[in-house]
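As given in TrEMBL:
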DOMAIN    56-189  domain 'Caspase family p20'
DOMAIN    268-362  domain 'Caspase family p10'
Amino acid sequence: MNQHLIARRKKIMQLIDRFKKTTRLSQSQTDQAKRQQLPSVKNDLFNDIYDFNHPKRGVAIFIINSSFHNQSKRPFAGEDIKKMRELFELLDFDVVLLENKTSVDLWKSLQDINLKVEENCDCLACVISSHGAEISITSSIDTSTQPRHHVLFTADGIIPTDRILQMFDDDHCPNLQGKPRMFFIQACRCILNTENDTESEIDEGFAFDLVKEQVGDDMIPVKVVKKKRSFFRRRQKETLADTKGRPEEEEINLTNCKSIEPVDFCLIPCYEDYLVMFSSSSEKIAWSDSGKGGWLTFCLYEVFKHLLDTEYSVSLLHILTDVCGKMAKEMETRTPSIPSYDRSKSAATIYHMLTKDIFLKPMVHKLVPLPGPVLESSV
């Protein structure tokens with residue numbers, strides 16, 4: 001077993017423990033949140049659209065990391081800031097930029113934003129662009145197989161993604177109760193595990209005829225690992241095995257069947273009225289491109305930019321389906337210097353617990369429109 005990976009994993013677990021201790025809410029903060037909790041929002045069977053008629057649209061938080069103490073730089077993160085700022089300002093959000101923050105500083109900034117969220121807003125949005133990974137968080141007491149958790153790398157450590165999302169749920173942010181909260185995460189989801197076979201981190205897609213645009217040559221992965229291209233061969237074997245089917249009339253003998261083993265999976269952080277969109281599927285690499293930035297943020301910008309030039313009336317889930325389609329059909333890596341990564345794909349994934357449709361359009365401005373404030377905070 002690689003001693004370097006073991007040491008790295010141990011260090012990450014120590015960072016998680018330290019982060020949990022430094023960010024634990026005090027009893028007074030918890031009591032204050034409970035006192036401010038609003039009455040439950042009653043579901044109206046005849047109202048299947050979230051209310052976007054409040055005086056304010058809401059806050060769009062940008063967590064963008066390009067420089068790290070112990071990780072490689074992300075040179076294309078600036079494109080994410082530029083495109084997302086333009087898009088969310090057009091949609092009338094108040095943009096708050098948190099750039100290259102340490103774990104503790106990022107947590108404090110999110111707490112400040114949490115306390116300033118107003119009741120008279122439509123929703124909350126958050127764009128995250130950073131290094132990321134999936135890890136199994138275990139303890140010395142419970143050594144059983146645990147589900148993996150997604151984590152984000154900060155300037156000096158990591159933060160569990162679930163802690164960021166939980167900050168704005170109904171219990172911790174009552175002013176957002178019954179309102180949609182949207183998270184768009186451009187970050188790697190590779191498994192950080194010493195025993196993991198890293199070959200499956202690349203999404204090679206499927207071959208089919210398609211007239212597509214030429215993609216740039218200056219493509220970099222979030223994480224660089226040399227690997228063999230055995231994905232297609234393995235998938236072909238699995239497909240052939242599946243075509244044998246099951247005998248229709250043969251009696252099945254369960255005497256020698258093995259007991260059910262624990263399944264390895266990643267726990268997806270998602271709460272009521274939440275939408276969480278990742279730039280890749282579980283266990284896969286997320287990609288960025290020179291001139292475009294992250295694939296998810298680029299496709300989100302391009303699809304919305306086209307719609308904003310029209311009188312559109314399409315729900316957000318339909319729009320995000322188009323974003324997934326654009327990524328799948330048009331985005332492909334060009335890395336001749338790293339053949340194992342060349343012509344790789346990425347499939348965006350959406351998880352949600354929405355109870356209504358979201359129609360996200362620019363607000364109807366007053367007679368004298370005023371630009372929304374842009375608050376910046378960086379290290």
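Each residue, glycine too, has its Cβ placed from N, Cα and C.
When DSSP labels each residue, the domain 'Caspase family p20' (56-189) comes out as 37 helix, 44 strand, 53 coil, counted as helix, strand and coil in that order.
Sorting each residue of the domain 'Caspase family p10' (268-362) by its DSSP state yields 29 helix, 16 strand, 50 coil.
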